[in-house]
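The FAD binding site feature in Swiss-Prot is assigned to G16, A19, E49, A149, I331. Among the features that Swiss-Prot reports, chloride binding site is placed at S329, G330, with the record citing similarity to another entry. The region 'Disordered' feature in Swiss-Prot is assigned to 444-475.
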Amino acid sequence: MEAQVPLSTDILVIGGGPAGSYAAAVLAREGFKVVLLEKDVFPRYHIGESMLPSCRPFLRFIDFEEKMKNYGFFPKPGAALKLNQDKREGYTDFTANGPDNAAWNVVRSEFDDLLLRHAAELGVHVYEGVQVEKIHFSPDESTRPVSLAWSKGDGTQGDVSFNWLVDASGRNGIMSTRYLKNRTFNKSLKNVAVWGYWTGAGRYAPGTKRENAPWFEALTDETGWAWFIPLHNGATSVGVVLAEDESKRKKAQHRAESNGKSLSEVQHDCYMADLQRAPGLIQLLGSEAKFEGKLMSAGDYSYHASEYAGSHFRIAGDAGAFIDPFFSSGIHLALTGGLSAASTIAASIRGNCTEEEACAFHSSKVETAYTRFLFVVLGIYKQIRAQETAVLYEAEEDNFDRAIDSLRPVIQGCADADENLTEAELQSTLDFCRSVLAPNQQQNNLRTPVDTGAADVKAKHAPSETDAQNPLQSMDDCKRNFGTEVINGFYVKMEQGMLGLVCA
């Protein structure tokens, strides 16, 4: 960590999480002067411990993959999904094409610190314990940020000017919430997460190639789902995600029956009661498992922004959008946004395109990646909230294998990172999502109606009003990955020293 924040830099990155560290690392490798400000001092705790295999090519691009392989994190060979107690769990196999396609279950404090230190090794000037107080904009161009005021816990403060800004400030989303005011929450995914850590837990499929895969299970009362993620430090992350109104209802019920228990005790009772509604998870915990530490909770609201870029700034990661964690998409979307931010800034600096074209590319790229996961998650929630209805399976099927295979390009992150994914495979996934979310007579009879939230997602750059009403429209013509996916007539040139955009 460097001592004194400089007075100026080429590129200023706010936030040292995966989106910020990655964008900074990519830009530093391109020879730009990059300063990164992080309000915490790493390592620091963070939830979001499961990765997708699509992260590997991103990490490989900055020579970070080998560090991950050698660090000791548990390899994640796939993920098991139990959506109905009467049917066998589904499984998405990351290693079907070889063991090197596995992802990892990570302790985020360690992973984030490792990535931030790697960025510093690549030339990023990292300053921790620095809080951004205010962003200043150009007097000649009111939407262009040109400097910011910062402060530290010891009372020191100052200003730093820059030519380009990457806002990767996490859910605080400084640009989006404080200045642009363009954040919108998805009404159907206003959830609450409660979690803690256990020791002595079992493993899913021990002794097989599926061992250490996380387990995700729908609660039997159709109010949410639970996760079970084994970690290399001997702990297992176990959490529950509930709709906000259901969480409030359950807490009120437990409080009424609590006989004077404290609020934390009531919350723990709710947590344990919900775990009992995931019998497969309880079986994995086993009789020797012990809850350690304290219970944690957080609002788990899904949100997005109307734009993720503007004159000389980009927004990446949770600073711009967040989607329900059912498919562990957080780090994937952070790296996607980080690389897009870096690529479009480099493109604008190098004259590959206009700044307006670079901004449009970045906003479309982030929106497309977010919307892919949004529609798959909405389909999963439709099944969770109506488990006896054939949403993701046919009546005669005893499993969800067909559905999971259909959704593979999205839930493994391939749609954004796999150069071998064919357009036909992606189109098949999109068609499946449409069939799940389309209204029909059977869905009208569901006990718990589900608002898809489609109206919350704005489809930009659409040729007609009809297309704009269909958030999937923007995904139909996508190619395969960063290096070949054409957006608004451009694709990314993935070559170190020449990173930027190329006109298709």
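All residue numbers here begin at 1 and follow the chain in the order shown.
Cβ coordinates are placed from backbone N, Cα and C, and glycine is handled just like the others.
Note that this is a predicted model, so its numbers are computed, not measured.
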If you measure between the CA atoms of E49 (FAD binding site) and G330 (chloride binding site) and round to the nearest Å, you get 9
Between the C-alpha atoms of G330 (chloride binding site) and A19 (FAD binding site), the distance in angstrom, to the nearest integer, is 10
Between the C-alpha atoms of S329 (chloride binding site) and A19 (FAD binding site), the distance in angstrom, to the nearest integer, is 13
A149 (FAD binding site), DSSP three-state class -> strand
Cβ proximity for G16 (FAD binding site), under 8 A, sequence spacing 6+, ordered by residue number, returns L36, E38, D40, F42, D112, L116, A119, V126, E128
Ordered by sequence, the long-range same-chain Cβ contacts of I331 (FAD binding site) under 8 Å (at least 6 apart) are P18, G48, M51, L52, C55
Cβ atoms other than its own within 10 Å of the Cβ of E49 (FAD binding site), all chains, total 28
Widest Cα pair spacing in Å over the listed FAD contacts G16, A19, E49, A149, I331 is 32
The most crowded of the binding-site residues A19, A149, S329, G330, judged by neighbouring Cβ atoms within 10 Å of its own Cβ, is A19
